[in-house]
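Noted in TrEMBL for the protein shown:
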type: DOMAIN; residues: 38-544; note: domain 'Neutral/alkaline non-lysosomal ceramidase N-terminal'
type: BINDING; residues: His130, His239, Glu476, Tyr515; note: Zn(2+) binding site
type: ACT_SITE; residues: Ser290; note: active site, nucleophile
type: DOMAIN; residues: 547-714; note: domain 'Neutral/alkaline non-lysosomal ceramidase C-terminal'
Amino acid sequence: MQPLKKDWVASSVPDSSCSCVTNPLFIIIDSNEVIANYLLGVGRADCTGPVAEIPLMGYANPDQVGGGLLTRLYSRAFIMADLDDSRRVVFVSADIGMVSQRLRLEVLKKLKSKYGELYQQDNVILSGTHTHSGPAGYFQYTLFWITSKGLIRPSLNAIVNGIVKSIDIAHQNVRRGRLFINRGTVQNSQINRSPFSYLANPASERSRYSSNTDKEMVMLKMVDSNGQELGFISWFAVHPVSMNNTNHLVNSDNVGYASYLFEQEKNKGMLPGEGSFVAAFASSNLGDVSPNTKGPFCVNTGESCDNPQSTCPVGGATMCMAMGPGNDMFDSTRIIGQNIYLKARELYEKASQEVTGPLRSAHQWVNMSDVLVELNATHTVKTCKPALGHSFAAGTIDGVGGLNFTQGSVEGDPFWDEIRDLLLGEPSNETKDCHKPKPILFSTGEMTRPHPWHPDIVDVQIAVIGSLAIVAVPGEFTTMSGRRLREAVKREFDSHGTPRMDVVIAGLCNVYTHYITTYEEYQIQRYEAASTIYGPHTLSAYIQLYRGLARAIATNTVQDLPPGPEPPLFNIGNMTLVPALTVDRVPANKTFGGVLQEVRQQYRAREVAEVTFVGANPRNSAENATEHNFLTVERYNSTSDSWQVVKNDASWDTRFYWTKGLLGRSNVTIEWHIPHDTELGIYRIRYFGHYRKKLSISHAVSFPFEGTSSAFEITTP
């Protein structure tokens with residue numbers, strides 16, 4: 001920028017070091033710069049948390065507990081503001097299963113203490129990518145405690161702090177810039193996992209679409225006024241379940257791998273997690289969309305189980321699993337992630353349609369268990385108290401349940417109903433009638449001990465950036481549900497003088513309420529319908545609510561919207577069944593970080609270098625150091641006689657395995673899957689951990705340690 005010809009724009013932006021809005025930030029505008037339409041800021045921060053002994057969130061499989069790390073989890077934040085900074089919108093996409101109400105409330109509380117009223121519930125959208133391989137334990141409602149082993153403070157804190165830090169970084173980097181939008185079709189990356197439910201939608205409606213999934217990716221590209229690339233948000237509907245429910249390594253799955261590829265490409269010479277370019281692959285209406293493109297097969301016989309109940313002749317529903325395109329789940333994750341990345345790169349490079357216009361946002365809290373829905377001029381219906389149906393326990397072809405439940409159950413099972421009645425109480429007749437034809441397994445809306453089992457108060461929110469409307473939904477909308485919602489919001493904008501809006505659905509935002517199917521899909525009662533917790537008219541209620549938000553934005557009457565009933569924040573300590581941290585011990589004549597199984601002296605590309613160390617519980621590290629790095633791969637530089645880090649624990653080709661032994665002993669195995677294009681030379685692998693030692697009966701402290709493999713050579717094939 002040149003030192004002359006500058007105009008000054010003042011805006012009241014808070015000092016991040018204090019709890020109040022203070023000195024104005026003066027943004028320098030150079031009259032020689034390219035015209036900018038917005039103020040933009042991007043940021044990325046680690047939100048991985050503990051990678052061992054914590055249940056993984058998504059499949060509800062009690063045996064799926066963290067045992068290491070494949071890739072780190074990140075929160076990616078994007079701040080967009082009008083040029084005069086009169087309005088701001090924050091969009092966060094975090095590599096987590098979903099955003100919980102507890103998580104959102106704690107993030108908003110921290111933002112308020114830092115920034116005053118600048119970032120609050122109406123202009124901050126928090127969205128989860130929906131990876132099923134991130135730590136659980138960040139929920140305040142009782143149902144989620146069952147498979148999460150309670151509320152796990154280290155897990156919750158890591159996500160809260162990571163999200164807030166990513167917003168801090170974006171806030172500090174706000175500058176003048178431009179937005180561009182593009183859209184295109186992603187091929188060979190998804191199937192509908194409940195096609196028989198989809199077929200229940202009217203034929204006239206289905207005939208308007210070429211596929212039973214939404215294949216369109218929407219891309220919002222950000223550059224600053226000097227043309228420097230800042231990053232992008234893309235929205236695409238696919239479940240990040242390429243890693244299946246046998247996986248124990250924390251990772252961000254297929255969409256996380258797409259982010260990894262894009263950020264590695266743009267942040268050249270940087271390790272994963274470093275560099276200023278931020279690439280978010282955010283979730284959308286992915287409710288019935290699977291990345292396991294080979295479809296469902298019986299794992300015991302190999303025959304197809306693509307039937308309405310997803311069952312196998314031998315073994316029933318528990319044998320029916322969908323397969324991804326790869327040789328194993330790692331390979332499938334790579335293939336799907338790369339497909340998504342390649343389309344995003346094409347859309348990014350060709351993005352030329354500029355986004356212009358003001359920023360606006362609208363938000364309400366709604367009691368979703370008691371919404372009166374006007375279907376037409378003569379018919380009104382109501383939503384229900386939350387409840388889950390029998391098919392909820394069946395799981396899906398991406399991750400089956402562990403008991404003899406099947407999808408498509410429209411009648412209860414006397415055996416399970418009797419057990420439920422004895423342990424949890426029978427659902428009321430009112431709730432049973434309201435949810436028909438769903439046979440209720442858990443009447444969660446009538447279960448309140450030790451805290452309510454499901455939320456009643458839910459966020460609905462829309463943020464508008466020029467011609468783009470981001471509809472932030474609190475759960476997993478199916479393909480057709482998402483289409484109906486998008487169309488309804490678009491029509492509402494059209495009819496109130498705001499035509500040609502691009503409407504995108506951002507999934508798993510702000511609070512988690514499971515699934516949202518169409519009324520017709522609900523009648524079939526596969527997993528997604530059984531998990532539509534507010535009853536058969538849930539979608540109609542949401543369409544009515546989001547139309548109201550769109551109307552308020554279009555008519556400039558957002559200030560007249562009632563905020564609605566605030567959600568509760570339960571007083572919960574560290575209530576968890578996760579085992580307490582114990583003292584770490586080593587075998588006789590060994591030390592922490594000592595090598596138990598050495599690397600070979602030589603490897604070739606595409607081989608796996610592997611070393612095993614005397615380890616300690618990785619939770620010690622998560623609780624002692626934020627963004628702790630468990631490993632590095634280093635290459636020897638003979639010129640400088642030094643070792644250069646070329647990989648870390650966020651790298652796709654490194655794997656960190658922790659194996660718990662007896663009496664406080666444990667091992668760590670590190671694998672490096674050597675890429676085909678690795679530079680020849682001398683390498684080593686290093687391990688960094690913390691061991692826990694008792695200083696007195698009541699006081700234990702963690703101490704850092706490290707271990708290093710022997711040097712090894714990578715040679716030509």
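One is the number of the first residue shown, and numbering goes on along the chain from there.
Cβ coordinates are placed from backbone N, Cα and C, and glycine is handled just like the others.
Just so you know, TrEMBL annotations are computer predictions that nobody has curated.
Not measured: the values here are computed from a predicted model.
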Near-site residues: Zn(2+), ref His130, His239, Glu476, Tyr515, CB cutoff 8 A to centroid: Ser283, Leu286, Gly287, Val289, Gly475, Gly507, Leu508
The residue listed as 'active site, nucleophile' versus His130 (Zn(2+) binding site) - Cα distance in angstrom: 12
Taken over the domain 'Neutral/alkaline non-lysosomal ceramidase N-terminal' (38-544), the model's mean pLDDT: 97
Distance from Ser290 (active site, nucleophile) back to Tyr515 (Zn(2+) binding site), taken between C-alpha atoms, in Å: 14
Protein Cβ atoms within 10 Å of Tyr515 (Zn(2+) binding site), excluding its own: 23
Cα separation, Ser290 (active site, nucleophile) to His239 (Zn(2+) binding site) (Å, whole number): 5
Neighbour tally for the residue listed as 'active site, nucleophile', based on other Cβ positions within 10 Å of its Cβ: 23
